[in-house]
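Peer 1: Structure incoming, see below.
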């Protein structure tokens with residue numbers, strides 16, 4: 001065997017080994033990334049996308065009000081906002097992730113997910129409860145660091161406290177009023193945090209839209225029980241005191257329909273909106289209030305769309321002021 005052929009064989013072996021190592025590493029990384037992704041997949045349409053939409057829409061409204069006399073400045077603001085969209089999505093996701101892990105890692109949560117969502121990371125056996133706990137604490141650190149850099153650490157710390165109350169203190173299980181209250185406060189933390197990322201840390205969003213947060217909190221508090229309508233079997237297994245299990249299915253539907261119909265008209269009125277501001281919230285709201293038990297899961301998705309239509313009101317008002 002010649003020296004050159006031996007060198008060639010060593011080269012081929014090394015290349016094959018490195019290719020296999022890279023492929024194996026990429027496969028493992030892909031597996032773990034997908035495992036992490038599954039923790040938050042169910043909340044894309046309920047938290048991540050609506051909160052991001054709230055941040056973008058209301059930041060646009062703020063920029064339009066602040067730059068109404070300068071089209072050039074407004075254009076610059078648009079480009080600035082466009083660049084922040086990936087960071088808004090990431091901030092929302094990284095703050096949701098540890099909450100979702102904490103919510104899904106307990107034995108009773110795993111049992112519930114075996115019935116309703118067996119594809120999730122815990123019931124499918126992709127990660128152990130101990131590893132999930134370590135991942136949760138790691139992502140808490142990442143969330144705090146990210147929020148500190150972006151200027152909304154208070155939102156992050158509040159979400160951590162709410163998550164502890166909701167999951168560890170079982171605040172979501174013992175009383176439907178407390179459950180709705182935590183949900184409402186959590187929605188506002190995600191939404192206002194998203195705006196803070198969008199407009200930058202030099203402006204205080206509470207001074208700009210403080211009263212609007214109170215309205216959104218009222219809307220969520222009075223209607224968020226819609227998420228409990230389609231999961232009554234799982235909630236009963238975990239002995240949660242959700243509104244449909246405490247007050248009954250039929251009555252609970254009225255507690256959703258009536259507040260939604262009121263907010264459909266009241267929210268645009270509070271913004272002194274023209275008829276254009278009423279159209280989308282009222283139309284989507286009427287569709288939702290006419291849904292039946294068989295439609296509950298899709299109805300919750302429509303509720304999130306309705307909430308985004310309400311989020312549009314400041315932008316509609318800002319556009320009317322420019323016209």
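Note that Cβ sites are derived from N, Cα and C of the backbone, with glycine treated the same way.
The feature transmembrane segment is assigned by TrEMBL to 47-64, 84-101, 140-165, 177-198, 210-230, 269-288, 300-319.
Tell me about the setting of these features in this model.
Peer 2: Within its own chain, the transmembrane segment (47-64) has Cβ neighbours under 8 Å at 40, 74, 77-78, 81, 85, 88-89, 92-93, 96, 187, 190-191, 193-199, 203, 208-209, 212, 216, 304, 307-308, 311-312, 314-315, 317-319, 321-322, counting only residues six or more beyond its boundaries.
If you look at the transmembrane segment (84-101), the same-chain residues 6 or more away from its ends with a CB under 8 A from one of its CBs are 36, 39-40, 43, 47-48, 51-52, 55-56, 132-133, 135-137, 139-140, 142-143, 146-147, 150, 152, 155-156, 159-160, 163, 166-167, 190, 193-194, 197-198.
Counting only same-chain residues 6+ beyond the ends of the transmembrane segment (140-165), those with a CB under 8 A from a CB of the stretch are 87, 90-91, 94-95, 97-99, 102-103, 171, 182, 185-186, 189-190, 192-193, 196-197, 200-202.
Among residues of the same chain six or more beyond the transmembrane segment (210-230), those with a C-beta under 8 A of the stretch's C-beta atoms are 46, 54, 58, 176, 180-181, 183-185, 187-188, 191-192, 240, 242-245, 249, 252-253, 255-256, 259-260, 263, 267, 270, 288, 293, 296-297, 299-300, 303, 307, 310-311, 314.
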Peer 1: Sequence-remote contacts (6 or more beyond its ends) of the transmembrane segment (177-198), Cβ cut-off under 8 Å?
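Peer 2: Residues packing against the transmembrane segment (177-198) from afar: 47, 50-52, 54-56, 58-59, 62, 81, 84, 87-88, 91-92, 95-96, 147, 150-152, 155-156, 158-159, 162, 165-166, 171, 205-206, 209, 213, 216-218, 220-222, 224-225, 240-243, 311.
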